[in-house]
Amino acid sequence: MSTSVGHPWRRRLHVSAVIFFGLLMAAPFYWMIINSFKSSREVVAYPPTWWPKEWHFENIEAALGFLDPSAIVNSVIFTAIITIVQLTLVVMTGFALAKMRFVGRGPLLTLFILTMFVPGQVALIPTFILVRNLNWIDTFMGLCVPIIAQTSFGVFIFRQFYISMPNEILDAAKIDGANWGQIFLNIVLPLSGPPIAAYTAVTVLTAWNMYAWPLISTTEKDMRTLPLALAGLGQSFSQTPPNVAMMAVLLSTLPIIIFFIFCQRYFINGLGGAIKE
Amino acid sequence: MAPISRTASRRKTNSRTDSPFWAALFVGPNLVLFTTFMIIPIIWGLGLSLFDWNLIGEPRFVGLANYLDILKDARAVNSVWKTVYLVFLGVVPTVLLSFLLAVLINTNFPGYTVFRTMYLLPIVISLVASAVLWRFIYDPRVGPIAQLLGVFGISGPNWLQDTTWAMPALSLVIVWLRLPLGVILYLAALQQINPQLLEAAEIDGAGPWAKLRHVIWPNVMPVTLLILVLTLRGIIFDSFDIAFVMTKGGPLNSTDILAVYIYDLAFAQLRLGYASALSTVLFVIVTILALVFNPPRRRSTNGDPV
């Protein structure tokens, strides 16, 4: 705020407040990190220590044992498939709804917008029955397809983006005899970097962290995703020592923290950009 | 003359609608998936709420009996109130705190981005991971909260095992998780406020509080409404993960929100029709709350962010 300018003590107070509340927001992460390196004895010792006496890196191995490698692999596959397929679908649909003229375009857009307001729970039970009847329980089809189908938000975002793209760019190509496929691949896609980056960032995050649907659509241990493996650790610290549980949380969150720190710009632009005209 | 006019009119139609082939190619795959796995399940869910079905036998049509049963089901009535309570405990602090934090960090100093990242960090952690983490933070013996309260001589409750405190404890986790989105949206809104407005207010002698209250807050009102609705939706959608992992609805059903009860009905008790009826009730509650927070009004669709 501009009030701080010209009042050094006020400025200092302001900066201190920013730092204090920032540390407070990050404090749970600090607690997670220090406890994931404590020994099994130190982590339950009273009073708790605020810095590990010794750093126990062998906790990494123990935590990986609890998470089991198949959950990590499943989560990577799950996230990759959903992000790539859903992105392809919403970019194309969003573009068509913005720039192509075809019968039923208006009602289609309304349909996508209306379903954004229906909570997932309403569709959850029938989707489960559908997936079960297709014999898709415990398959990647069953895990991914119903999530990929949740395209309304993405369609809306990309439609808004392409509406603001000038028609002249497309018209020039049309006069040169390019068809829609060529226009889309050669002209539209190269201009769509920012919204694609933002949407990818948000989708990766959502898919990596998803819990309820994988919980319902899988029964076998080797089809579990990371959040399912993690949830088991949360139920009771008597079965899993808390230091190992914290290390498991840290390991499962670390890839996405690194991803976030490098892609922060896209998150902020993608989410904050939603409110800019 | 006739053939010419016919070609002319065909060319006219051609320029108004594009080749259906390309439209079908661009929209078709998505539309098939979307219809099969979104539209049909939504309608099916509404229909299923009129049946009695346990997944194995034949579905039996019971009309509105499921909805009437809800009124007689003490656990259902309890879970409706718990859901509303959690929404209240989650939405109000999320909106107010994200506004205050965004105003606070709408600044710049050396090393600023490091601290801004700290405010946004909870956006990356999954609900499940944070549930496991916070269970440990809430530990009444070795948790840091109990420890800090102990410094002031306060002996805190066993947060997650206490019928009064379990729900506020869950809502604190949800608020922590949802603050970053609010801060990001408010930051974007704050940067769009015309600096001349603030200067004018300053010339008129407005102090920081007056500026906050009478210039900044009214100017970010559209974003406040957006955050209200997004948080409301988010809490309804996400609360299942948190409540299911942290408390499983307990102790003594004190955190037994609708999403947890519906899961129990549908996937443990296999009462699919009744669970669908409760899902519909949840849908109605969300819609009513969304309308209360954000009454529909005329505005340009182009800037509409939701």
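From the backbone N, Cα and C atoms, a Cβ is placed for every residue, glycine too.
TrEMBL entries are annotated by machine, without manual review.
Not measured: the values here are computed from a predicted model.
Look at TrEMBL and you will find A:12-33 (among others) tagged as transmembrane segment.
Per TrEMBL, the feature domain 'ABC transmembrane type-1' maps to A:72-262.
When Cβ-Cβ distances below 8 Å are used as the criterion, the transmembrane segment (A:76-97) is approached by residues 105, 108-109, 112, 140, 143-144, 147-148, 150-151, 154-162, 184, 188-189, 192, 196, 199-200, 203-204, 207-208, 210, 214, 225 of the same chain, each at least six residues removed from its ends. Per TrEMBL, the feature transmembrane segment maps to A:76-97 (among others).
If you look up TrEMBL, you'll see A:109-134 (among others) marked as transmembrane segment.
Residues or ranges marked as transmembrane segment in TrEMBL: A:140-162 (among others).
TrEMBL lists A:183-208 (among others) with the feature transmembrane segment. With a cut-off of 8 Å between Cβ atoms, the residues of this chain six or more beyond the transmembrane segment (A:183-208) that come close are 75, 78-79, 82-83, 86-87, 90-92, 95, 147, 154, 157-158, 161-162, 165, 169-170, 173-174, 226, 255-256, 259-260, 263, 266-267, 269-271, 273.
Residues of the same chain lying 6 or more positions beyond the ends of the transmembrane segment (A:244-263) and with a Cβ under 8 Å from any Cβ of it are 32-33, 35-37, 40, 43, 59-60, 62-64, 66-67, 197, 201, 204-205, 208-209, 226-227, 229-230, 233-234, 237. Taken from TrEMBL, the feature transmembrane segment applies to A:244-263 (among others).
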